[in-house]
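According to Swiss-Prot, the feature compositional bias 'Polar residues' maps to 1-13. According to Swiss-Prot, the feature compositional bias 'Gly residues' maps to 26-41. Here Swiss-Prot flags 79-91 as compositional bias 'Low complexity'. The domain 'bHLH' annotation in Swiss-Prot covers 106-160. Taken from Swiss-Prot, the feature region 'Disordered' covers 1-60, 79-102.
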Amino acid sequence: MDSDASLVSSRPSSPEPDELFLAGRNKGGGGGGGGGGGFTGGTVSSSTQSDSPPELSAELRSAMSAAGVVVVDKLGFKSSSSSASSASSASSKKDKKQMTEPELQQLRLKINSRERKRMHDLNIAMDGLREVMPYAHGPSVRKLSKIATLLLARNYILMLTNSLEEMKRLVSEIYGGHHAAFHPAACPAGMGAHSAPLPAHPGHPASHPAHHPILPPAAVSSASLPGSGLSAVGSIRPPHGLLKSPSAAAAAPGLGGGFQHWGGMPCPCSMCQVAAPPHHHVSAMGGAALPRLASDAK
């Protein structure tokens, strides 16, 4: 009796909807029957939502919302997005509520294992970083935290970068100064020091023919030749192309242009590496110097 009374009281008191309901019921068409069924379904859902328990109302709400969307599409009205979102949220809640206790426990275990693996990988990475970092391990140093390890790694990387830049600058300055000191065009005053070690071994010219990396054996052995021999060897080797100043050429008048440059350490540039003299210049040598050069070469 209570349900019938609630059903009667839920109907509107105005006669217009009742007449529309009877007119739609009397029609024999399928569309009218479908429309009447949809209208009655709407009234039943509106009457039973307030009287049903929460679980039943949630199920009826989700079912009637889906049915309402279909009816609206048939009648040609626009479907609202709020009803669709409420239906999806209700279905998701229903799925979660329908999960049994073992399934929920399995889901919790999967989530916990994934989180545990992530933290394990992070700890392994931090331990590897602490191993290669200075000041991060020792007998009197306790294990650093993750934030302290990252800050120490950042400072260490910045320090290494600054040290590398400073080392590059120093190396460039050292090699630049070395090249300027040994190059005759950049430093003409240093040619005397280059040519000074040559007369230091007058008695042993042939015993060390291969010590000089660039000069040929004949040119190295001619350091002990007096007077005419030196002038003849000077005629063999042309003057260095970089000796443009006359003062630099007059620094050692007894030696050729090539001997003014070559000293203890040769210049590494390709222009200073003079090739061996050609054979047709040897014919211009004097008769006294040629036998001595041949004996020195042996």
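Placed from the backbone N, Cα and C atoms, the Cβ positions cover glycine too.
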The domain 'bHLH' (106-160), counted residue by residue under DSSP: helix, strand, coil: 42 helix, 2 strand, 11 coil
Integer average pLDDT (0 to 100) for the domain 'bHLH' (106-160): 89
